[in-house]
């Protein structure tokens with residue numbers, strides 16, 4: 001990523017004229033509320049649909065394969081997403097990205113290979129620009145807010161990201177409660193109930209604008225065998241509630257690199273705890289424990305997801321001040337590539353193998369993250385000594 005002077009680039013082309021020009025601190029906090037609520041409306045439909053995709057569209061692995069295609073497309077288009085966002089502007093990119101999610105929900109009303117595959121390809125493009133647009137927009141207004149109010153930049157970025165990810169995470173709670181209400185126990189496989197469910201989602205889309213493991217393996221191999229398709233909604237609602245609470249808390253606790261490091265380690269611990277439980281001790285049971293165990297896992301996975309989403313966004317915003325679009329585009333390239341791999345592996349490997357892969361991945365990721373923070377801390381300390 002090119003790290004040029006921010007002042008120089010702003011003189012050449014005001015990249016964020018659609019973001020913060022002429023805005024007051026009050027209007028910027030309002031913009032965070034609007035952005036957060038818009039993503040809640042978009043993803044309460046898409047998130048719940050994705051959770052059910054591998055169980056409702058199971059014939060010929062249509063659901064799993066279409067999600068794999070979606071995330072391959074997401075990874076590919078993320079390579080060019082920063083350029084698209086620069087051309088469109090971050091707000092326009094978010095608006096255009098919304099169309100992909102709307103079409104995806106619409107395609108689920110008639111799920112066939114001819115509807116799901118093309119829409120999944122387009123959805124990958126839409127997802128790439130909506131997430132780079134979101135990251136760029138939120139970071140820009142956070143920096144402007146910090147300058148105008150005299151607050152510490154890291155604190156403002158943490159607070160804004162914390163609010164966004166907390167509200168965003170509620171999509172799992174709200175969307176899956178809708179699923180639970182519209183797809184009650186005993187209606188598994190009912191075409192009428194499924195159609196009604198996606199119509200509800202489609203209407204909500206029209207109003208507004210690790211994870212892969214939860215979406216693919218957790219719902220299919222852990223929740224569905226014990227709680228059924230209807231239980232997927234309840235489990236993911238628990239996941240979303242804890243995700244939202246921890247996103248907000250983690251954002252409030254963010255003040256700089258050291259706090260990010262501590263919080264990320266805590267989030268990784270919760271994720272690893274569940275993975276090791278699945279790897280060493282867990283077995284499906286009946287009765288009360290058969291209900292409690294999947295919900296407990298959902299809560300812990302939600303805690304980890306909320307923490308990691310908030311902190312990774314804050315970290316990128318702090319480290320890549322002069323190339324925000326490129327940083328968030330790179331995040332989505334690697335994130336969507338990993339998710340695609342999980343969806344394509346899910347039908348052909350056992351849960352045990354998938355968990356082993358996840359344990360290895362989270363271990364390597366955490367070690368790499370700690371190495372990065374040590375290097376950045378060392379470079380920052382050396383810079384301070386040089387300037388003294």
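Even glycines carry a Cβ here, placed using N, Cα and C.
TrEMBL lists 32-49, 69-88, 113-133, 164-183, 195-218, 230-250, 262-280, 292-319, 357-374 with the feature transmembrane segment.
If you look at the transmembrane segment (69-88) against the transmembrane segment (32-49), you find fewer than three C-beta pairs under 8 angstroms, all six or more positions apart, and that falls short of contact. Contact counts against the transmembrane segment (32-49), taken as Cβ pairs under 8 Å, peak for 230-250 among the stretches 113-133, 230-250, 262-280, 292-319. Relative to the transmembrane segment (262-280), the listed stretch 292-319 leads the set 230-250, 292-319, 357-374 in CB pairs under 8 A.
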